[in-house]
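Undergrad: What TrEMBL records for 141-201, 306-368, 440-499, 560-619, 627-687, 743-810, 872-932 is repeat 'Cys-rich GLG1'. The transmembrane segment annotation in TrEMBL covers 977-1000.
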Amino acid sequence: MCNILLLCMSRKLLWNYKLNLTTDPKFESVAREVCKSTIAEIKECADEPVGKGFLVSCLVDHRGNITEYQCHQYITKMTAIIFSDYRLICGFMDDCKADINLLKCGSIRPGEKDAHSQGEVVACLEKGLVKEAEETDPRIQVSDQCKKAILRVAELSSDDFHLDRHLYFACRDDRERFCENVTAGSALHHQCTEAHSTIPMCLLQCRDALTTRQKLIAQDYKVSYSLAKSCKSDLKKYRCNVENLPRSREARLSYLLMCLESAVHRGRQVSSECQGEMLDYRRMLMEDFSLSPEIILSFVRGEKGNVGPNCQQALQTLIQETDPGADYRIDRALNEACESVIQTACKHIRSGDPMILSCLMEHLYTEKMVEDCEHRLLELQYFISRDWKLDTVLYRKCQGDASRLCHTHGWNETSELMPPGAVFSCLYRHAYRTEEQGRRLSRECRAEVQRILHQRAMDVKLDPALQDKCMIDLGKWCSEKTETGQELECLQDHLDDLVSDCRDIVGNLTELESEDIQIEALLMRACEPIIQTFCHEVADNQIDSGDLMECLIQNKHQKEMNEKCAIGVTHFQLVQMKDFRFSYKFKMACKEDVLKLCPNIKKKVDVVICLSTTVRNDTLQDAKEHRVSLKCRKQLRVEELEMTEDIRLEPELYEACKSDIKNYCQNVPYGNAQIIECLKEIKKQLSTRCHQKVFKLQETEMMDPELDYTLMRVCKQMIKRFCPEADSKNMLQCLKQNKNSEVMDPKCKQMITKRQITQNTDYRLNPVLRKACKADIPKFCQNILNRAKDDTELEGQVISCLKLKYADQRLSPDCEDQIRVIIQESALDYRLDPQLQMHCSDEISSLCAEEAAAQEQTGQVEECLKVNLLKIKTEMCKKEVLNMLKESKADIFVDPVLHTACALDIKHHCAAIPPGRGRQMSCLMEALEDKRVRLQPECKKRLNDRIEMWSYAAKVAPAEGFSDLAMQVMTSPSKNYILSVITVGICVLFLIGLMCGRITKRVTRELKDR
């Protein structure tokens, strides 16, 4: 007990001795003598009263400005004495007396507390100051006078590690372990110890002490001696410590950093020493969120699992303060996670360059990217994307444009009228303006805006407006779309279902993509091979204007095309159908025409139909001037051709046939118009609505064969060979004329035959026939038209009707020519005669199976049916075969077997006789009867067979009228005999008439004249 009492008494005496040293006039007089010139230079110290001990304290405060060696040595020794006890610091005890008691940091009365543990009292006050800043409504508040005193003490002790007693004793062991090569007592000791504070081996006591000091630095940058010294001239130069600003604001580390960073971003010169210190403290703030009280306050108030708006704003402010966009190394987590990626993908860029982040973004979702780096990168980009200034390169290239076009202020200034998030939106709106619209961005700024757009398109979280307006819709429609890029695609797919604000945002972004599809970075990555092979010229253009997407669509089915690229291109095509604005080239070419002719139509497919109908009507009516402009007509043609490639690009047709596709074409791919072709082949099995839509489609394709995607694709080379100069509307006609050429591609020939079969099912699918027989059809086949329902196929009935009239030689010349062609073609291939195929399907299968199975149809099936006419039991089939025989009487050319057998004889004996109307057939019949003429054996045999067939046909189907009778007589082998008998009969009747006339009673002239 006595020992303890003696110890307390000795400590009290020691403290009184040290207090007397600081207040003793002798020491003050020594100070005045040793520091005479220094006191004269420092006005504040020269004005201090004598004998109060204030002079020594004043010199301690200004010791950084002391240049005299003896004075500096003296004051350094006095500093060590003064800072050994907070009670010896001038004014500190008076300023903080109440706060020490309030915070229970110890007693100021000697003897109640260990005088040498006074460092704990200062530390306690510092913790109280820090705690107050981190609480929303602090229970205990440190007085303003004491706050200034605490920060002043921390500032004065910052240049010497030993002067901060609490920190010195807490980190003594760690200092010896990690910083043994650093000069003892220097400010570098602080930096060294702070640099190792995150090491797990660092003592918890030291770590807490360093954290407290860092938090004080965050409140007042002057607590960091090295930062205050290195940046002193720069702070003054760029007015970062303006006197009229509140001390709490201008002293904050964040304000200093943002002020100096603003100067750097404006291209001003900041000393390298200051920039080095700034880098260290930016990294410090980034690594420990607790150094930013705003984050702690807002985080405490946020709901669990959800970052509230206040917390998000605090984080946004932190990112601006630390500015990791300028140097990625500030974000230690990012730096460590992405080190391997930087070494492989970005090794060509200097370490610390702002373009490192851009390089990492370009390799996002690639094989070189690692998962941890991906997460860290997106976390940082989330905040950078919400303030355009945080992208250093973008700010440097666009600050002039932003000021000129978007009315922005300085780097560290904000405006309610133009918040940071709205500036980039303003820039990209101007980036895609045409020269006519004026006020465009500079070339280098436009390039940067495009770079940012390309990178942000990878993830919806990087588009602030999109995420903000579409949060509900993302949860409602796209909760399962978690793969890269799927969220935006999902929103585009559900465009019509989105809320108004979200729909506008997605629509604007899609419209922007249509002009510059390179914004779709993931799509561009997938399509890189096809772009390099087929589209490299348009891809190299700085201004896209929709050319690249048009090129990708045109080459979508090249063998080099990969699945991902094809799917992406098709998706974009489908999205384009929702609004004509989503097709940039179409929009620019037809905007005025749409407003004038289709003002209330929005969907692209409806706009295309509207404009196409207008063009067609103007063409049919031979209008002097087209209502649709030439540039629009050209682009309209491109859109029409693109829409034929996939049934999904024609929504009405797709909706009408959805169930049929599921039932009959489930395993058929959509591309290359394969679904459409599948539906055409099973047309008879389709539902009524689908059947009608397919028929309308075929009618359109037959009127304009270039819209027949499959025909154009399969016959592409043959068109180049045979029809290079043919008009698009005459393309199929040209191909039909060259169908039997020896060099005709078999696949193309097969496709032409398919289209011929389709045309013969309904006269409306044959525009040439329809025009040529415009008057004949209602004249001879009106009863068929009356029985037919709207939008239903006529199954070749009208064409069969016209064939019969052709045999009767009653058609107009133009119609007769077209029907002759049809009869000739169908005589070679029974499939071109829908009525024959429908009524004789069983007979063909049983009687002519071998002929029907032949790879090349040359009329064998028709000949087989004619030969087996007696075996045919079905009346309708028999009637069709008899009609064929009747047609062959009218023209030998419609009987290919007979014509082939008698070709030489026609040349020798009937060359002078024009074809048609049975003239050459009559010539051959006369030659057959003339014994002086020797016909070819095959021709003679075929003619005799035909005579037998015709004789049987006459018995089975007698003449239905005078014309039928006349035709039978004229084509009969006994024509001359029959005509002679008819002539003799007429003469006899004439003579009888004469004789009878003489016998009748004569009437006198007088009677006649009455």
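Don't overthink the numbers, they just go from 1 along the chain as shown.
Here the Cβ of each residue, glycine as well, is placed from N, Cα and C on the backbone.
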Undergrad: Mean pLDDT, the repeat 'Cys-rich GLG1' (141-201)?
TA: 68
Undergrad: Determine whether the repeat 'Cys-rich GLG1' (560-619) and the repeat 'Cys-rich GLG1' (440-499) share at least three Cβ pairs under 8 Å, counting only pairs 6 or more apart in sequence.
TA: yes
Undergrad: Among 306-368, 440-499, 743-810, point out the range having the most Cβ pairs under 8 angstroms from the repeat 'Cys-rich GLG1' (872-932).
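TA: The stretch with the most close Cβ contacts to the repeat 'Cys-rich GLG1' (872-932) is 743-810.
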Undergrad: Could you put numbers on the helix, strand and coil content of the repeat 'Cys-rich GLG1' (872-932), residue by residue per DSSP?
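TA: Per DSSP, the residues of the repeat 'Cys-rich GLG1' (872-932) fall into 43 helix, 0 strand, 18 coil.
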Undergrad: For the repeat 'Cys-rich GLG1' (306-368), what are the DSSP-based totals of helix, strand and coil residues?
TA: 38 helix, 0 strand, 25 coil
